[in-house]
Every structure is written in C-alpha cells, then in structure tokens.
Amino acid sequence: MNKFAIVLAAGKGTRMKSALPKVLHQVAGKSMLAHVLKSVSEVEIAKNVVIVGHEADRVIATLPKGTQFVKQVEQLGTGHAVRIAADLLANEEGATLVIAGDTPLITGETLGALFDYHFAQKATATILTAIAPNPTGYGRIIRDEKDSVEKIVEQKDANAFEKSITEINTGTYIFDNKSLFKALTEITTDNAQGEYYLTDVIEIFKKVGQTIAAHILDDFDESLGVNDRVALSQAEATMRKRINHEHMVNGVTLIDPATTYIDSEVTIGAETVIEANVTIKGNTFIGKNVLITNGSRIENSEIHSNCEVRNSTVEESRMSVGSNVGPYAHLRPGTVLSEEVHVGNFVEIKGSTLGKGTKAGHLTYIGNATVGEKVNFGAGTITANFDGKNKFNTEIDDFAFIGSNSTIIAPLHIGKNALTAAGSVVTEDVPDEAVEIGRGKQVNKLGRAKKMPHYRGQ
C-alpha cells in the first residue's frame with residue numbers, strides 16, 4: 001500500500017519569542033523540520049507534502065530539492081492545515097502520515113512501527129499516543145468500556161475527569177487517505193479555540209463504525225513537541241544523549257558525555273578519544289585514533305586518522321593523517337594541513353596550505369599562503385597579507401627555514417632551502433638556497449647605558 005506524509009510546518013511559534021520560524025530552530029546542528037523530514041524519509045514515502053505558513057519562503061528555502069509544499073495563508077487550525085493538501089493527495093489510495101514539524105525527537109523506526117501497526121489493525125485512523133508523567137497541555141485519549149479509542153479531547157475542552165487521563169495524543173497520526181479528506185469536509189470550529197481541529201475526524205470515523213487504533217510510544221521523549229525555549233533545550237539534551245551514545249557504542253571514547261556536544265551530522269571513527277568540554281559541529285568528519293582534548297571546538301572540518309587537536313579551534317579546515325595542532329591554535333576557514341604537520345601554541349592559520357612535515361611551533365600567523373614540505377617557522381613569524389584593501393598571497397617552497405620574528409610582506413615567494421634571518425622584514429622574493437637578512441646592522445655604543453634612566457650603577 002502507498003504511504004504518504006503531511007508535515008505541518010506553518011505555525012509562527014509565538015512562545016519561542018523569535019523572528020525565526022519555529023520549525024527552523026536547531027537541535028544538534030539541524031533544524032527541527034530537517035530532523036522530522038529525515039525520519040519521514042526512512043519509511044519509503046511515495047509523496048511528502050509540507051504545509052508552510054508563517055515566513056513561508058524561509059521555510060521553503062530549507063526544504064530538500066523536490067519536496068512538495070502548500071502555503072496555509074491563514075492559520076485556522078490543524079484540520080485546516082491538512083485539508084489544504086487535498087489538491088495533491090485527496091484522490092490517492094493509501095495511508096497518510098500526519099506529523100508536526102516541531103517534533104525533532106521522533107525516529108524513523110517509530111514511524112515505521114506506526115505504519116506496521118496501522119496496517120495490522122486494518123484501521124481507518126491510528127493515533128501515536130504516549131503515557132505522560134505530566135499530561136497538562138496535551139490532548140487526552142478517551143477510551144470506551146472496551147478500551148477502544150472513542151475520541152481525543154484537547155486540554156482546553158477537557159473536563160476534570162478527562163484532564164486526569166495520562167494517555168496523551170502526540171500529534172502524530174496515520175489515516176486512510178481518502179477517508180481522511182472526506183472527514184475533513186465535515187469538521188467545524190465549534191470548540192474553545194475556534195479552530196478546525198484535525199482530531200475531530202476521530203469522532204466522525206467512530207460514529208460510522210470505522211476502526212480507530214492507538215499505538216503507544218515506548219519512549220515518551222520522542223513525543224516532545226517544542227513550543228518554547230525550555231522545550232528546545234530539552235530536545236537538545238535528549239538528542240545529544242542519543243548522539244553520544246551512538247558514538248560510544250561504535251568505539252569512540254567520550255571522557256565526559258555530559259559536556260560533549262556533537263551535532264547530528266558528525267562522523268567519528270573508532271578509537272578516537274574526546275575529552276570534556278568539546279564541541280563538534282556541522283558536517284565534520286573525524287577519522288580513527290584521533291585525540292581531541294579539553295576545550296576544543298571543531299566545525300565543518302575534516303580531521304583524518306592519528307591527528308591531535310589540543311585545546312584548539314578548527315573551522316572549515318582539513319587536517320591530514322598524523323598532523324597535530326595546539327594547544328591554543330586556531331585553524332580558520334580554508335586551511336589545509338598535509339600529513340604530519342605540527343601547529344603549536346598560539347598559532348593562527350587562515351586560507352593556507354602547509355606541506356607534509358611543516359612546523360609552526362609558536363606565536364605565528366600564516367594567512368593566504370602556500371607552503372611546501374618540511375618548512376620551519378620560527379616563533380613570532382607573520383605573513384603580512386593585507387594592505388587595508390586587498391589580500392595577497394605568499395609562496396614558500398620546500399625545506400625553507402623562516403627565522404624567528406620574521407615579517408613576510410606579501411605578495412612574495414621564498415625559494416627552496418632558503419633561509420630568512422631572525423628579525424627580518426622580508427619585502428622581496430628570496431631565491432632558492434639564499435640567506436635573506438632584512439634587518440638593521442647591530443651597533444653597540446660602549447658606556448652609553450650609564451646615561452639611560454634604567455641605570456642602577458655597578
């Protein structure tokens with residue numbers, strides 16, 4: 001049987017107190033809507049329709065290529081939101097999943113089980129329910145004397161007895177598609193909210209003797225709908241625990257999972273060790289047997305096997321096998337370290353490529369440079385690559401030795417096996433195998449110190 005999906009992503013999310021549409025708020029580095037769409041994609045959906053409304057164009061811009069959408073111009077309730085998908089779905093034969101775009105914790109496995117249960121029960125509607133420790137705010141599942149689902153009552157419409165019920169509606173359903181769209185033509189706004197409730201179709205089905213099933217969630221956390229920043233933080237914490245658990249069972253050591261923040265798209269190889277207070281974001285790849293020490297931050301980068309990142313920041317950069325950085329180094333966007341490169345403490349590199357075995361041990365800035373193999377940078381070296389308007393490139397060939405406190409005024413080229421003397425200001429190209437000296441000659445004025453303010457006598 002064909003499977004379809006309607007993802008509700010039209011709401012403003014007033015309680016978020018944000019200019020950003022609610023479904024675009026991120027959990028573990030990815031929007032809530034993206035999490036939901038990923039889970040939906042795991043159950044072989046024939047047609048997926050996203051209902052957009054508030055800031056529709058911003059939401060549409062984030063959708064995967066080819067995703068169908070419908071704009072809900074007026075937000076008149078969940079029933080209305082589903083009904084406007086009729087032109088795309090009403091004539092289809094099959095079962096339709098309806099799910100909110102602000103439920104980032106629900107998994108593809110759960111949605112697959114929900115479809116299986118729906119088909120096994122031969123139901124017209126199947127509700128994903130959960131037993132809530134505190135059901136306040138949720139719609140309640142009302143069952144009859146035979147324990148069959150009778151209806152769903154929203155919090156604002158519930159009486160005292162109904163409010164005491166702990167089985168809640170998670171807001172995720174599967175319906176027989178044609179029955180759903182037929183029933184949606186019969187719902188009204190006769191309720192406390194003055195809206196078209198999707199849940200009213202349950203009573204319509206029940207009155208004509210159709211089967212209503214309820215599948216209870218094993219993990220209540222999956223039911224979390226995010227309506228404010230508090231719930232957003234809860235979703236973040238739960239997602240982080242899931243992510244960290246998955247990495248650990250796959251052979252990654254997390255010294256302190258409670259302070260380790262790893263986004264959902266990060267890949268990490270076995271035998272890697274990650275210490276406390278580490279953040280790894282975006283589309284980051286980390287190979288095998290990598291050490292990442294306390295306080296490091298890595299974003300949208302590639303760190304290959306046998307590397308070390310010690311108390312450092314790595315952004316949009318690539319570290320090849322056996323390279324190491326830190327402590328307190330900063331690889332800025334566009335940096336590429338070849339194999340066995342060493343970048344030490346208080347070194348900043350931007351938009352540069354360093355060849356195999358090159359070393360920049362301390363207090364160095366390298367920007368917009370192409371550096372060969374086994375080049376050594378002495379402490380205090382900088383490439384002066386910016387004239388206030390334009391950036392300029394520096395080329396340094398294999399085996400060059402850059403003396404401490406050298407200032408390299410780009411653009412220029414330093415040749416193979418060349419050496420710059422300590423303290424030099426390099427303003428011209430340096431040929432292969434040349435020694436460059438770009439500093440004033442030292443002069444010692446004997447006895448002059450006695451006339452200086454610092455002098456304290458013999």
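Cβ coordinates are placed from backbone N, Cα and C, and glycine is handled just like the others.
Here's what Swiss-Prot has on this protein:
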REGION    1-229  region 'Pyrophosphorylase'
BINDING   8-11, K22, Q72, 77-78, G139, E154, N169, N227, R332, K350, Y365, N376  UDP-N-acetyl-alpha-D-glucosamine binding site
BINDING   D102, N227  Mg(2+) binding site
REGION    230-250  region 'Linker'
REGION    251-458  region 'N-acetyltransferase'
ACT_SITE  H362  active site, proton acceptor
BINDING   A379, S404, A422, R439  acetyl-CoA binding site
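Listed in chain order, the extra residues whose Cβ falls within 8 Å of the Cβ center of the acetyl-CoA site residues A379, S404, A422, R439 are G378, G380, T381, G403, N405, S406, A421, G423, S424.
Within 10 Å of L8 (UDP-N-acetyl-alpha-D-glucosamine binding site), counting C-alpha to C-alpha distances, fall the following of the recorded positions D102, H362, A379: D102.
Least crowded of the binding-site residues (K22, R439), judged by neighbouring Cβ atoms within 10 Å of its own Cβ: R439. Comparing C-alpha positions, Y365 (UDP-N-acetyl-alpha-D-glucosamine binding site) sits nearest to A379 among the binding-site residues D102, N227, A379.
Residue counts for the region 'Linker' (230-250) under DSSP, split into helix (H, G, I), strand (E, B) and coil, are 20 helix, 0 strand, 1 coil. Among the residues A379, S404, A422, R439 said to bind acetyl-CoA, no two Cα atoms are farther apart than 17 Å. Counted within 10 Å of its Cβ, the other Cβ atoms near D102 (Mg(2+) binding site) come to 26, all protein chains included. Each of the binding-site residues N169, S404 was ranked by the number of other C-beta atoms within 10 Å, and first place falls to N169. Here the binding-site residues are L8, A10, A379, A422, and the one with the most other Cβ atoms within 10 Å of its Cβ is A10. The two recorded residues R439 (acetyl-CoA binding site) and the residue listed as 'active site, proton acceptor' have their Cα atoms spaced 22 Å from each other. Reduced to three states, the DSSP call for K22 (UDP-N-acetyl-alpha-D-glucosamine binding site) is helix. Figure note: comparing Cβ neighbours within 10 Å for the binding-site residues G77, G139, the maximum is reached by G139. Put simply, of the recorded positions D102, N227, H362, S404, A422, the one whose Cα is nearest the Cα of A10 (UDP-N-acetyl-alpha-D-glucosamine binding site) is D102. A strand conformation is recorded for H362 (active site, proton acceptor) in the three-state DSSP classification. Annotation note: L8 (UDP-N-acetyl-alpha-D-glucosamine binding site) sits in a strand segment as assigned by DSSP. In this structure, A379 (acetyl-CoA binding site) belongs to neither helix nor strand by DSSP; it is coil.
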